[in-house]
Amino acid sequence: MHPLRRKPLASYRHSLWLLTTRDLKVRYSTSVLGYVWSVLDPLVMAGIYWFVFTQVFDRSAGFEPYIVFLLSALLPWMWFNGSVSDSTRAFLKDAKLVRSTMIPRTIWVNRIVLSKGIEFLFALPVLALFAVLFGAAPSWEIVFFPLAIVLQAVLTAGICLIAAPLVVFFRDLERAVKLILRFLFYATPIIYATTDLPSGVQFWAAFNPLSGIFSLYRAAFFPQQLIWFEVLISALMSIAFLVVGLLVFRASERQMLKEI
């Protein structure tokens, strides 16, 4: 790579990392439990759904152990949900810094995706622990786990690059995003598998970009969950969202700076 081109890229990475570590330090330094909170939320949610679907209702069919099945999708969902939700305040929260600094403005969005992604990685030992406790042996498909992380990072960054500037112009969009995320949680195979859906719905469920990504995560312990058609759709949609996100961000950046 040409030296002149390497310097801006290195500067971008440095600024991104500084802001990301700042966010993590601020988030954990003001809390007594610190890191524990990043795993407590998905653990409580997983515990509730596990109790409802295994103890209250008769779940006679499905993937076992269900708690591992839940966590393998719930943990990445927390990364996605937290990133998109927080991106709606990416520029409004630090408006003065955004206007006064000369760093690329996409960093203010990508630092959220990265910090939430790091929290996701920190929570993975919990998934491994439950897999050991409940006897869920990993399959060779675990090699696709990094691919799932990359695809989710691309998809999440693309969606956040769309949401962050639009909220500056349409403040009600922040609340709308929260409602959409709530709906998307139940429309995404988290508490259920795509194969649990009626045959007529399964095809359309593949066009949820998270479906293929979550199937890659789950394939680490449930290889039957790996559906390559869903993965292909997720990969194409992730790239499409990133391209659209960059275009939307570039088109709205100048006017956005005036609005904040």
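From the backbone N, Cα and C atoms, a Cβ is placed for every residue, glycine too.
Taken from TrEMBL as is:
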DOMAIN    33-252  domain 'ABC transmembrane type-2'
TRANSMEM  32-51  transmembrane segment
TRANSMEM  63-80  transmembrane segment
TRANSMEM  120-137  transmembrane segment
TRANSMEM  143-171  transmembrane segment
TRANSMEM  183-207  transmembrane segment
TRANSMEM  227-249  transmembrane segment
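Between the transmembrane segment (183-207) and the stretches 63-80, 143-171, 227-249, Cβ pairs under 8 Å are most numerous for 63-80. The listed stretches are 32-51, 63-80, 120-137, 143-171; of these, 143-171 has the most Cβ pairs under 8 Å to the transmembrane segment (227-249). Long-range contacts of the transmembrane segment (63-80) within the same chain, counting only residues at least 6 positions beyond its ends with a Cβ under 8 Å from a Cβ of the stretch, are 41-42, 45-46, 49-50, 53-54, 116-117, 119-120, 123-124, 126-127, 130-131, 134-136, 148, 152, 155-156, 185, 188-191, 193, 210, 213-214, 217-218, 220-222, 224-225. Sequence-distant contacts of the transmembrane segment (120-137), counting only residues of its own chain at least 6 positions beyond either end whose CB sits under 8 Å from a CB of the stretch, comprise 35, 38-39, 42-43, 65, 67-68, 71-72, 75-76, 78-79, 221. Within the chain carrying the transmembrane segment (143-171), a Cβ under 8 angstroms from the stretch's Cβ atoms is held by residues 76, 79-80, 83-84, 87-92, 106, 108-110, 112-113, 117, 177, 209-210, 212-214, 216-217, 219-220, 226, 234-235, 237-246, 248-249, 252-253, 255-256, 259-260, all 6 or more beyond its ends.
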